[in-house]
Amino acid sequence: MAKIIVVTSGKGGVGKTTTSASISTGLAKRGHKTVVIDFDVGLRNLDLIMNCERRVVYDFVNVIQGDATLNQALIKDKRVDTLYILPASQTREKEALTRDGVEKVINELSETFDYIVCDSPAGIEHGAQMALYYADEAVVVTNPEVSSVRDSDRILGILQSKSRRAEMGQDPVKEHLLLTRYNPERVERGEMLSVQDVEEILAIPLLGVIPESQVVLNASNQGLPVILEEQSDAGQAYDDAVARLLGEEREHRFMTAQKKGFFSRMFKGG
Amino acid sequence: MSFLDYFRSKKTSSASVAKERLQIIVAHERGQREQPDYLPQLQQELLEVIRKYVQISDDMIQVDVDRNDDCSVLELNVTLPEK
Ligand SMILES: Nc1ncnc2c1ncn2[C@@H]1O[C@H](COP(=O)(O)OP(=O)(O)OP(=O)(O)O)[C@@H](O)[C@H]1O
Ligand SMILES: [Mg+2]
């Protein structure tokens, strides 16, 4: 039986796809057979971040509608052996995802995979609800900013009332807070909500804090999940998050401002 | 307070204002989520019954369910117009 993890947020553009790519890569790197599914039907992007956009032949909707088999649609990652990508359709509407169709695909994947990571589209409507329906665990991606925190709380409400686990009266979906695009300098200046502020408001366990980092954009330019930039702050922060997801204890890092000396400032450009 | 502190304390308030506003709105929205689905309909029908006797406007009635550990209380607040 696979464990199903949804990466969700409500608000758009907060880092769900970046996170889905890195978490699935991190799980696979540790030897777990992992598939990452792009639920953003109509706005496929995970393929670009995973550098497999030119290898997409069939997609998630094709499989649901029986036009292709799972094996035809799954793309095997070229870097990590145990990682597969199921791309979203670029030409359909989100409504092409039906509860039964998604269930069929997830059940089939469950037979052979250890982890199924679902990259949710933005919003709280049909597409987002399909992505989270079958989840066992949810990574709620949040930026330290008012509208993102509020939307995260709304998505938590949906996880607690409209997921399969909620509807069936089973144990609730396990919730994790992932605070991304965090800027400790701005927090120290009082311009940005702190980790503690967001934890206090949302009241769910903290999985990790991903710093705002130029490395993320650089990595996505090249189609590299940032977790593979092993020397970078964001890459290491994602690696910590994956370790914690697997139950390892790791101290939180990258939460305080670096005191930069004159020389490092000169050489690193700030 | 030095010149610099003045700007610091001003900036400090922007994150704390955000936090305070979020705490209020999130608490409010959580409260609404926990309300039973039938509440809007119930409120509408109560309004109609009351209007048979007193003319009140939509915003003069408020219906809430307060849930405690072992019981729920239906709270009905109706403001009557001044004579
Ligand atoms: N930690 C970070 N530091 C800097 N930039 C980041 C970080 N995380 C994400 N970004 C940038 O934010 C943008 C949005 O990221 P991403 O596409 O992952 O968000 P999303 O939540 O999937 O968006 P959508 O809701 O549109 O699907 C991208 O340009 C990405 O490079
Ligand atoms: Mg996305």
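Placed from the backbone N, Cα and C atoms, the Cβ positions cover glycine too.
Just so you know, TrEMBL annotations are computer predictions that nobody has curated.
For the recorded site, A:Gly12 (ATP binding site), the DSSP three-state label reads coil. Counting every protein chain shown, 13 other Cβ atoms lie within 10 Å of the Cβ of A:Gly12 (ATP binding site). Here TrEMBL flags A:Lys11, A:Gly12, A:Gly13, A:Val14, A:Gly15, A:Lys16, A:Thr17, A:Thr18 as ATP binding site.
TrEMBL lists A:2-153 with the feature domain 'AAA'.
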Least Cβ-crowded entry, counting other Cβ within 10 Å, from the binding-site residues listed as A:Gly13, A:Gly15: A:Gly13
Predicted model, mean pLDDT over the domain 'AAA' (A:2-153): 97
Binding-site residues listed as A:Lys11, A:Lys16, least Cβ neighbours within 10 Å: A:Lys11
Nonlocal residues around A:Val14 (ATP binding site), in sequence order (Cβ under 8 Å, 6 or more apart): A:Val141, A:Thr142, A:Asn143, A:Ser148, A:Thr180, A:Arg181
